[in-house]
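Here is what TrEMBL says about this protein:
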- B:19-206: domain 'MacB-like periplasmic core' (DOMAIN)
- B:300-418: domain 'ABC3 transporter permease C-terminal' (DOMAIN)
- B:297-321: transmembrane segment (TRANSMEM)
- B:341-373: transmembrane segment (TRANSMEM)
- B:393-412: transmembrane segment (TRANSMEM)
């Protein structure tokens, strides 16, 4: 589960943003809403330990993220945080399966081809297991990105505008998959978005 | 999926870019290895054949050519000298000369030079007979290891010499006298491996027989008569021959090479006689100096190619960072620390360097193989193309270092990748 308290961030230009406190329990989905420039992405980065806050603390699965530094923080993120971005990014030079294997080994987990196969089947992209990322459609890529975010059974899944690049059908499908996969690994799911198609579907909302 | 295999896959993903870097690297390593090998083998050939010879005396002409054809059996003899003029060198009472060996050159057997001399020459070069004995009579021959091996010669084999030092195939002019092999030498790594040794007098017989236009029977008679006359054709008896008879040159060892008389000896001969005296150490150092000049020029070229090859690795890594900034950020999101990204890029540089090194060494030795065929045809020297120098293993260290240097800036850049800025465009 995820807890953020008293978070603020100071940009290099001196501008400081304060963020509301956040809690997202295991298995729960929460939307983080806000206009462009309201600092949603900055908040997400603070939560993932990609940036250091000026004040406040982030706690994931009982660990204070701010107390970790360097490679320990990277390892923690690999093991406990799954991330999905607006555009799915992959290691272009290796197959979908190797991308997922890489996520497992970088997250400190043993490579488990059975789990990879099950996830890809669940997400209806099993036939792309051996394909290179560039051979997948945008919707397929986003589904593989979801598989990658949940593969290490993280405590928290952070999704940054996961649906805004997709059409209506795909957007709802991706949301459903995100929720069901998060539930399957009992992770807290936090979605940063300004996509109106999602606001009607999810009740837990925090606005910046 | 570890860092090394990921690095390899990344290179494989852009095979042409990687290939270009690898080939440039191979070219630079290959040239360095080639130069090192040529230098080492040339030095070996020069050193192995010095045989403690302090002076070569022959007919007036080029001192370098005299040294090359009398000691290394390369090129054409200057001309001949009458025996009478060099008899003094064979006098045991000579104040400077410890020993001298006479050489008669100009004939060959299937491209292998026949050297008329005394059996002392074998000792000078440290040659050892694997079978048989040294030549004692005219038309007896001791053959070098390669000569015997390539032509299937054994004790008792017979062959005819041909005039001139190049094998002219069907056009060759064969002498009438038939040589009998009495001894075969062990491989020595010296020029002995590639020559046929016989007596000086044999030269006179075969050439006189040729000139005299005698029939076959006449020759046989000469040969038989000769056998009677010279049961022990050695240096002492050579000295008793007609002073008008000619030999090509003599090899000389000094009693004390650093004595004042020895140092001025060559100049005395050159100024006061119509003989040419050449100091092999000096002539060879001249050859080496020429070699060095050439090598320095090539060295500049090699340095340029090496810089370009390192630059090629640097540029291809650096541009790939731009294309792969999302990937690098992604790796960090997935749990790879900065040191790992650094290691990934360094690994890519090192893979190129190590593969380039491997190809380069292969290239160098492949070229040496081609050269070896050429050189052994032209100069009668065997070049060991697949002998590896210790320096070549040091080259691997150099290659790794160069790969590291080329990759280090891109690797630092990769390690600095800011995930936030890269993966989340909107703020």
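Keep in mind that glycine also has a Cβ here, set from the backbone N, Cα and C atoms.
TrEMBL entries are annotated by machine, without manual review.
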- Note on the structure: Sequence-distant residues near the transmembrane segment (B:341-373) by C-beta distance (under 8 Å, 6 or more away from its ends) are 3-4, 6-8, 10-11, 18, 21-34, 37-38, 309, 313, 317, 321, 328, 331-332, 382-386, 388, 392, 395-396, 399-400, 402-404, 406-408, 410-415, 417
- Item | Residue numbers, six or more beyond the limits of the transmembrane segment (B:393-412), whose CB comes under 8 Å of its CB atoms | 25, 29, 32-33, 36, 306, 309-311, 313-314, 317-318, 320-321, 341-346, 348-350, 352-354, 356-357, 360-361
- Note on the structure: Averaged over the domain 'ABC3 transporter permease C-terminal' (B:300-418), the pLDDT of the predicted model comes to 89
- What are the DSSP helix, strand and coil residue counts for the domain 'ABC3 transporter permease C-terminal' (B:300-418)? 100 helix, 0 strand, 19 coil
